[in-house]
Amino acid sequence: MKIGKFVIDGNAAIMGILNVTPDSFSDGGSYTTVQKVLQQVDQLIAGGAKIIDVGGESTRPGYQFVSAADEIERVVPMIKAIKAKYDVLISIDTYKTETARAALEAGADILNDVRAGLYDGEMLALAAEYDVPIILMHNQKEEVYQDVTQDVCDFLSARAQAAIDAGVPKDNIWIDPGFGFPKSVQHNMELLKGLDHVCQLGYPVLFGISRKGVVDALLGGNTKAKERDGATAALSAYALGKGCQLVRVHDVKANQEIVAVLSQLM
């Protein structure tokens, strides 16, 4: 498979989550030193991750805003350290253009924007300037939908076209339906059932549902984040069967065999 100019073996791949934040819902505070980050990256790569997604601000419900300066201070040293030791693709999980530019200069390869370029109006131009892949995620302020699947498809189509209009080659555009941003459990369930429609929009799709609240709901509620990895792996298999090509997860090893097998059947 290809993500922009980068070629990855197989027809599907795993993006390993690396939160260098104090307050992420699943692993906040776990990876705040270079040593701990490199130990975790060792595990992610050994487990089969082809992309490391580095984030410096939590996007969990009720998250605390982080300035671009603080975000840069968190992510840039980690990106440099990872690139110095490993030959692995790095995506920067940010919606701030200032942070994204600093991350690209530090060695990041891919932009992963949970605001789809809408936060400061400059992210799409940055992707075009650096000729890097960008992942555009569905996100909106309120849980109000006429038809959640159709609304998500319309949003992603419009944002992808905006990226093209800004000079981003179509081959550099990936989309993400944005499970949990902001969607009720019912909205997430409907979107899961309609995932094939997202995959038919003409852009490769990232599937990111790892350890989220909808997974807890599917398990009956009251589970801890790390207790959701088995269900996350099952949903990864479902998503790959629907046509997604990239799964973003915390526990890479639990998903690796699923991706390895299903990518040969896609």
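If you go along the chain as it appears here, the first residue is 1 and each next one adds 1.
Cβ atoms here come from the backbone N, Cα and C positions, even for glycine.
As given in Swiss-Prot:
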type: BINDING; residues: ASN19; note: Mg(2+) binding site
type: BINDING; residues: THR59, ASP93, ASN112, ASP176, LYS212, ARG248, VAL249, HIS250; note: (7,8-dihydropterin-6-yl)methyl diphosphate binding site
type: DOMAIN; residues: 12-260; note: domain 'Pterin-binding'
What is the total of other Cβ atoms whose distance to the Cβ of VAL249 ((7,8-dihydropterin-6-yl)methyl diphosphate binding site) is within 10 Å?
28
ASP176 ((7,8-dihydropterin-6-yl)methyl diphosphate binding site) to ASN19 (Mg(2+) binding site): how many Å between their Cα atoms?
19
Among the binding-site residues ASP93, ASN112, LYS212, ARG248, whose Cα is within 10 A of the Cα of ASN19 (Mg(2+) binding site)?
ASP93
Within 10 Å of the Cβ of HIS250 ((7,8-dihydropterin-6-yl)methyl diphosphate binding site), how many other Cβ atoms can you find? Include all protein chains, please.
21
Cβ neighbour count within 10 Å of ARG248 ((7,8-dihydropterin-6-yl)methyl diphosphate binding site):
23
Rounded to a whole angstrom, what is the largest C-alpha distance between any two of the residues THR59, ASP93, ASN112, ASP176, LYS212, ARG248, VAL249, HIS250 that the record assigns to (7,8-dihydropterin-6-yl)methyl diphosphate?
18
Quick one: what's DSSP say for ARG248 ((7,8-dihydropterin-6-yl)methyl diphosphate binding site), helix, strand or coil?
strand
Far apart in sequence but close in space: which same-chain residues, 6 or more away, have a Cβ under 8 Å from THR59 ((7,8-dihydropterin-6-yl)methyl diphosphate binding site)?
ASP93, VAL114, PHE181
